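Engineer: Next up is a structure, given as structure tokens.
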């Protein structure tokens, strides 16, 4: 294969990798944890990844402890966990 063909193949593979959504095997384990408000009761609107619905949903975070499946924005949740 010529060097031009190899460069084209490399470019296509790179583009495919960038455009491929996060798969469950690439998703961090904490994305499978349930939403957990924690013991505090401040009440911050937050987002968690729901693996059954395969999307990020809003919940109220108490402000301390809880699980790592807790994001300030829906966009952050989706870029980390959503397929």
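The backbone N, Cα and C atoms fix where each Cβ goes, glycine too.
Okay, so Swiss-Prot annotates it like this:
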type	residues	note
DISULFID	31-81	disulfide bond
DISULFID	40-64	disulfide bond
DISULFID	56-77	disulfide bond
DOMAIN	31-81	domain 'BPTI/Kunitz inhibitor'
SIGNAL	1-24	signal peptide
Engineer: Take the domain 'BPTI/Kunitz inhibitor' (31-81) and average the pLDDT across it for me.
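Structural biologist: A mean pLDDT of 97 is what the model gives the domain 'BPTI/Kunitz inhibitor' (31-81).
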Engineer: Taking the disulfide-bonded residues one at a time (31, 64, 81), which has its Cβ surrounded by the most other Cβ atoms within 10 Å?
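Structural biologist: Neighbour-count leader: 81.
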Engineer: Distance check, please: Cα of residue 81 (disulfide bond) against Cα of residue 56 (disulfide bond), rounded to an integer number of angstrom.
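Structural biologist: The Cα atom of residue 81 (disulfide bond) is 8 Å away from the Cα atom of residue 56 (disulfide bond).
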Engineer: I'd like to know which of the disulfide-bonded residues 31, 56, 77 sit within 10 A of residue 40 (disulfide bond) at the Cα level.
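Structural biologist: None, since no candidate lies within 10 Å.
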Engineer: How many other Cβ atoms sit within 10 Å of the Cβ of residue 77 (disulfide bond)?
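Structural biologist: A count of 23.
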